[in-house]
Amino acid sequence: MAGPQDRPRGRGPSSGRPQRPVGGRSQRDRDRRVLGQNFLRDPATIRRIADAADVDPDGLVVEAGPGEGLLTRELARRAGRVRTYELDQRLARRLSTDLAQETSIEVVHADFLTAPHPEEPFQFVGAIPYGITSAIVDWCLTAPTLTSATLVTQQEFARKRTGDYGRWTALTVTTWPTFEWQYVAKVDRTLFTPVPRVHSAIMRLRRRPQPLLRDAAARSRFADMVEIGFVGKGGSLYRSLTREWPRSKVDSAFARADVHHDEIVAFVHPDQWITLFQLLDGSRGGAARGPGDQRGRRGRPGGGPRPDGRAGGGPRRDAGGRRTGDGRGGRPRPPRGGQA
């Protein structure tokens, strides 16, 4: 089970003739450094990760960075099938040999970020390099058939994304109607070999059986509201929203959602965001516009749908509310930090 060092964007050592040790480092040491390989060998933590994943005994599990395969074997004992992606050619070859008798395990020597999303429902599990955490999270969030993702990430990342500090990120709020984010447990850095500089944590994403906002168009409008709130120049969420919605409507919505007027946007709970949206959706007009001006933000009367049926004029979004294009018919954007 590999992870958590940063993986550089450059290429690793060539696969040609054996390289002579440099500075006392063996080829294996250099591979670990290039590929971000820190191995988790603590059996109790391995079981804790598998417990948190709560895998379907008849389902597919996709794993990234199996390393020495300890978590892979534990998952195979609990799941129907495991498909694991290993970028390190040496480890992939060894895993294929060691697991040859395990018919439920498929070892794929490839960069996980280039892997297609499975067409069938699946769960993701992995201890991943810090440097590509955001790219892997994006891969998971954009997978239509993903049911859950259990990741070992840098502890700081896990705490920020799950609201463990009492603050919430725009990514978490935007995807909240579709995904639940959970901080599971700290993983002490001393449990890895070699020992990284910071602690890790188990974080879990779970797709909700029914989205909190069931209409895809509503989720897209919700994502637009979240964007306005987080990038607005008003200083507070209240000031940002009153630039786009009537002040009286915002006052009423804040009172019913129990949000103070001076609340900083990061401290507003995602559930409060949902309430605000449900109370404000459909009343968008903006305090700065005159009483006779009902034009929407993009210059169409009432901010109504485009002739092509798309609501509003903002960027295209997937079912989870995440951007998938530039709103002008452009091609979908690749995940941040990922490979196109």
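In case you wondered, yes, glycine gets a Cβ from its N, Cα and C as well.
Small disclaimer: the values here were computed from a predicted structure and weren't measured.
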### Query
So Swiss-Prot lists N38, L40, G65, D111, A127 for S-adenosyl-L-methionine; which of E86, E102, E156, E180 goes with them?
E86
#### Entry: Candidates L40, A127: member of the binding-site residues with the richest Cβ shell (10 Å)
A127
### Summary
G65 (S-adenosyl-L-methionine binding site), DSSP three-state class -> coil
### Task
Please compare the binding-site residues E86, D111 by how many other CB atoms fall within 10 Å of each one's CB, and tell me which has the fewest.
D111
